[in-house]
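Quick look at what Swiss-Prot annotates:
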type	residues	note
ACT_SITE	20	active site
ACT_SITE	74	active site
ACT_SITE	90	active site
């Protein structure tokens with residue numbers, strides 16, 4: 001893969017297990033700081049559904065040969081500089097970092113056709129600059145009733161916006177018309193970020 005990567009090495013990136021929404025916020029922040037001209041081509045992508053049960057393959061936390069796991073939600077970063085050059089940066093995947101969009105979607109989400117409707121995946125796509133401004137989390141979702149942590153939090157302070165102490169639920173929600181960005185089904189998500197070579201050839205005739 002020959003591309004001018006935004007993040008040359010995965011070790012350059014801020015990462016804390018089970019805080020994917022903050023890991024992606026930090027990627028957006030890094031682009032704004034080091035490659036601001038690329039920020040408008042970057043997105044934070046939340047994947048979830050109404051029941052918060054979404055199967056993903058090729059995940060570090062997954063089990064079996066297919067490394068499948070069922071998350072309540074997951075978040076990854078995409079950089080879309082040119083048609084069919086869209087790259088996915090997922091700090092929790094076992095696929096290369098980054099991976100081209102089509103390969104990532106094919107291996108991570110496969111197809112909804114073989115899944116029960118309650119496991120169908122939906123995607124909230126938020127422009128990186130919007131995500132940097134509007135995302136806010138006091139990490140309450142990672143605390144047990146007694147106040148102890150389910151998983152140790154990042155060492156840096158919580159990411160809090162000026163207008164909202166905790167709005168993570170608005171990003172995980174997959175209801176159209178609520179929350180920032182746009183919500184897509186799996187097929188709509190693919191159509192927005194990938195065009196097959198056959199379709200491109202037809203359009204160029």
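Residue positions begin at 1 at the first shown residue.
Each residue, glycine too, has its Cβ placed from N, Cα and C.
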Original post:
Just counting, how many other CB atoms are there within 10 A of the CB of residue 20 (active site)?
Top reply: 22
Subject >> Cα-to-Cα gap, residue 20 (active site) vs residue 74 (active site), nearest whole Å >> reply: 7
Subject >> Cβ atoms near residue 74 (active site) (within 10 Å, other residues, all chains) >> reply: 23
Subject >> Between residue 90 (active site) and residue 74 (active site), the C-alpha gap once rounded to whole angstrom >> reply: 10
Subject >> Neighbour count (Cβ, 10 Å) for residue 90 (active site) >> reply: 27
Original post:
Which of the three DSSP states, helix, strand or coil, fits residue 20 (active site)?
Top reply: helix
